[in-house]
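Chemist: The structure that follows is given in the form of structure tokens.
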Amino acid sequence: MSLQVISAISNSSLLQPGFSLLNFDGHVFFFGQKGWPKRSCPTGVFLLDIKQNELKMKPAFFSKDSCYLPPLRYPALCTLRGNAESDEYRYIIHGGKTPNNDLSDRIYVMSLVSKSSKKTTFQCVEKDLCGDVPEARYGHTINVIHSRGKSMSVIFGGRSYTPLTQRTTEKWNSVVDCLPFVFLVDLEFGCCTSYILPELQDGLAFHVSVARNDTVYILGGHSLQNNTRSPNLYKLKIDLPLGSPSVTCTVLPGGISVSSAIVTQTSDTEFVLVGGYQSDDQKRLVCNTIVLEDNKIEIVEREGPDWTPDIKHCRIWFGCDMGEGSVLLGIPGANKQLISDANYFYILRCKGAEEDKEEEPTAQICSQTSTEDPGDSTPFEDSEEFSFSAEASSFDVDDADTYNEDDEEDESETGYWITCSASCSIDINTWVPFYSTELNKPAMILCSSGAGHWVHAQCMDLSETMLLRLSEANVKYFCNEHIDLNKGLQTPKKVMSLKKQPMKPLRKKTTMKLTTPAKKSFLRRLFE
């Protein structure tokens, strides 16, 4: 085992505890940044290009038919192969924390569409689930088992927030262990089934799971309820007959009391367990070799690397499996650094030079690393590039031009990320899509007041139906701050007065003054 130091040259705040690494054909990709993606990489997925003593992070892209994938920290992640003969595989991502500390209960499948020297494109698809859907969680594991020609995903452990009915003001965001249910998920049809096993009494989080064929081994993990790290080794055996699946659990001796450990595969049947904690304030510097055969597991201690004094004396550490027998480790930087949340990184290689060959992995691992969040990381600027010094001849990639953000217009102060009004709530670090038409930028609409200015549709409390109607209709729109002013300046419409019909004058009464003889003559003629 060899340990290689990677010294940071520029911002490293993007890599914080809880990130994940995906290995596609020997190329390592980073996922799960702390903070929402910026314009430099809206997908939040980066290629780790380790070449010429530098580690550079290059943005990856999603295909047009991909769904939105938020940056998830502490998710469960594993590989999924189409069949035993196929070299192509995908990654399953379930659960995790968003930058807003919301927990996800969704499951995504990510596959590599194309890769060239300048661009890598992925397809991300969200799977619809039904039945006993696992609740939103983080710090859990997922594995894929194969039995009788069929495959199934197995989800176990993790933590979630206290149910709403049990929350108090003082402990509103407190977390609890998820119930120790075993979930089987059929990704083809999205059906989920939960199982209660008497051998699993306590919930576990940040444990390690290793799968081979139809068996999953669960090792270590931390229980919040008891504040203990389980010394048990659990063996889950899943049978997939034509009818209902059968799940059995056996408690085996020889477990390790550890949490947040990392497992990497070094050969067809051999794995290496590194890192983690054996108590709340004590790291575990001992390494172990795990050997899996068809029906048994063997765990033996092995000689570890020559840990540096910084690693030995630091309080926390974190990392993730890079694939091919390598692990990326990180420790907090010194307080004297200008960037308080900068970290030091190392690459731990567990395979010797004679063992570093292409091998077909037939087993599967899933591990979780955990530390207490040191707080929100400093968001990186769009124009900054992430570079680290490294010696990494075994991770060569094709020659590629590093993404140059200087060629693009800066939208940090203009464009989509402006303060559109006094009540504007859109923040580039915390924004999430609100309308179905949004992907990585907020929807905006032009206010016609004066020379015109752009405002966020969400800040104006516009419904999606109204937003679509305004975008299609050729009408002027006025924002909430200018609609009253516009009404005041508007010239009142001229009201047409009604034309009144003149009234006919009354005819004057004519009176006749008659003398008495004449009056008598007139009356006589009137009645004759």
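Cβ atoms are placed via backbone N, Cα and C, with glycine included.
Sharing the record's features from TrEMBL:
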type	residues	note
REGION	358-383	region 'Disordered'
COMPBIAS	373-383	compositional bias 'Acidic residues'
DOMAIN	415-492	domain 'Recombination activating protein 2 PHD'
BINDING	C420, C424, C447, H453, H456, C459, C479, H482	Zn(2+) binding site
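Could you tell me the structural context for the features on the list?
Modeler: Per-residue pLDDT, averaged over the domain 'Recombination activating protein 2 PHD' (415-492), rounds to 78.
In sequence order, C420, S421, C447, S449, H453, V455, M460 are the residues of the chain that are 6 or more apart from C479 (Zn(2+) binding site) and have a CB within less than 8 Å of its CB.
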Chemist: Using Cβ-Cβ distances, find the residues under 8 Å from C459 (Zn(2+) binding site) that belong to the same chain and are at least 6 apart in sequence, listing them in sequence order.
Modeler: C420, S421, S423, C424, S425, I426
Chemist: Please report the number of other Cβ atoms within 10 Å of the Cβ of H456 (Zn(2+) binding site).
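Modeler: Summing over all protein chains shown, H456 (Zn(2+) binding site) has 23 other Cβ atoms within 10 Å.
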Chemist: Ranking the binding-site residues C420, C424, C447 by other Cβ atoms within 10 Å, which is at the bottom?
Modeler: C424
Chemist: Centre the Cβ atoms of C420, C424, C447, H453, H456, C459, C479, H482, go out 8 Å, and tell me which other residues of that chain have a Cβ in range of the Zn(2+) site.
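Modeler: Neighbours within 8 Å of the Cβ centroid, excluding C420, C424, C447, H453, H456, C459, C479, H482: S421, I445, W454, V455, M460, N480, E481.
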